[in-house]
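Here's the structure, in C-alpha cells; my notes come after.
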Amino acid sequence: MTRHFLRDDDITPAEQAEILDLAERLKRDRWAVKPLAGPQTVAVIFDKSSTRTRVSFAVGIADLGGSPLIISTASSQLGGKETPSDTARVLERMVSAIVWRTYGQAGLEEMAAGTTVPVVNALSDDFHPCQLLADLLTIREHKGRLAGLTVTFLGDGASNMAQSYVLACVTAGMHVRVASPEEFSPAASVVDDADRIAASTGGSVTLFTDAAEATSGTDVVVTDTWVSMGKEDEKAHRVATFGAYRVDRELMDLAAADAVFMHCLPADRGYEVTADVIDGEQSIIWDEAENRLHAQKALLVWLLERKDAG
Ligand code: CP
Ligand code: NVA
C-alpha cells in the first residue's frame, strides 16, 4: 500500500532506522540508485518560503534520476480555487510523488487520502518530519548512536520543530526534553502519542519551563526561530516571552562537555541563539543542512519502493 510521510510517527522505529541507514549509504555513494530514471517527475509545492527544502528536494530528485517540478501555490489553483484532493487526483496522473510545504496538517491528510502517489510533508504548522530525518542522521554521525541520548529543545515548544523532535526522537529511543513557557508547550495529543511510542523504544519525553534544568547534562541542544512562518503577527509577544530560552554560552556550559548544538535554520542570531554558540565549535548546523539532501533522497527511495502500482 502506498505510504505517506506526514508526521514523524508515520514510520515505525525499524523503518526510521532503515531510512537513516539508506541515507548514510546515499551520502557515501550519492548516485548509487536511480528509482526516478525516465526521468519521472516529483511535484514539490510551496505555500511558504524555503531555501533548504526547495534546494535539497530539487537536487535530490535530480540525483535519483528524476525531474523536480517546483510549484509556488500562489501561482497555482491550489489554496483557493481547488481542493488538495482534486489537486492530488490530477497530479497523480503525471507525477511519481508529491512533496508539499503548507500550513494546516488537515490539507496534507486530505491530499494523501485522495491519491495513490506518496505525499511528503515538507513542513506544516505542526510538524517538520523531513528536517528530523536529517537531524537524526546528523546526531548519529556525530555521536555514533541515537538510542539513550538526551536531546533538549528550547523555545517554542508548540512549533513544528519541537513537536517533530518529540515524535522522531522517542521513535529513535532518545530522551527528549522540551523547555518552553507553559503557553507554548507541545500539544497534549503529541505528548500522548510520544509516550505511547516511548513505552516500546525506551525513550521518554519530559516538559520543562526552566531552561537551565532542561539543559543540564544533555547531549544535544536544539532551538529554532521564535517566530515561525505564519506567526509574524505575534512577534512582539513572542520576543518578550522567549528571552529566558535563548541558547547562549552560559546555557551551553550546563550541557554535557561534548554536547552539540543544532538549528534547522534560518536563524535569528541574538534572538533564539547567540552568534558565539551557533558559529562556535559545538555547532553542527552545516552538516545538519547538508543532511537534508541525503535523508530526503532515502525517504523518497523508501516511499517509491512501497508505492501502489496505480
Ligand atoms: N530548515 C528548513 O526547512 O529551511 P527552509 O525553510 O529554508 O526550507
Ligand atoms: N519553525 C520554523 C521552521 C523553518 C524551517 C517555521 O515554521 O518557520
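Note: Cβ is positioned from N, Cα and C throughout, glycine not excepted.
A quick note: this is a predicted structure, and the numbers were derived from the prediction, not measured.
Note: Q77 (carbamoyl phosphate binding site) has non-local neighbours T87, i.e. same-chain residues 6+ apart with C-beta under 8 A of its own C-beta. Annotated carbamoyl phosphate binding site per TrEMBL: S50, T51, R52, T53, Q77, R101, H128, P129, C130, Q131, C264, L265, R292, in sequence order.
Residues or ranges marked as L-ornithine binding site by TrEMBL: N160, D224, S228, M229. Secondary structure at M229 (L-ornithine binding site), taken from DSSP and collapsed to helix, strand or coil, is coil. Within its own chain, M229 (L-ornithine binding site) has K48, S49 as residues 6 or more apart in sequence whose C-beta sits under 8 angstroms from its own.
Here TrEMBL flags 3-141 as domain 'Aspartate/ornithine carbamoyltransferase carbamoyl-P binding'.
Per TrEMBL, the feature domain 'Aspartate/ornithine carbamoyltransferase Asp/Orn-binding' maps to 148-303.
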### Message
With Cβ-Cβ distance below 8 Å and at least 6 positions apart along the chain, what are the contacts of H128 (carbamoyl phosphate binding site)? List them in sequence order.
### Response
N121, N160, M161, S164, C264
### Task
Measure from the CA atom of S228 (L-ornithine binding site) to the CA atom of S50 (carbamoyl phosphate binding site) and give the result in Å, rounded to a whole number.
12
### Query
Same-chain residues six or more away whose CB lies under 8 A from the CB of D224 (L-ornithine binding site)?
F153, G155, D156, S159, M161, A162, H263, C264, E272
### Query
Setting N160, D224, S228, M229 aside, what same-chain residues sit with their Cβ within 8 Å of the center of the Cβ atoms that define the L-ornithine site, listed in sequence order?
L123, D125, H128, D156, S159, M161, T225, G230, K231
### Task
Measure from the CA atom of S228 (L-ornithine binding site) to the CA atom of R52 (carbamoyl phosphate binding site) and give the result in Å, rounded to a whole number.
15
## Note on the structure
Widest Cα pair spacing in Å over the listed L-ornithine contacts N160, D224, S228, M229 is 12
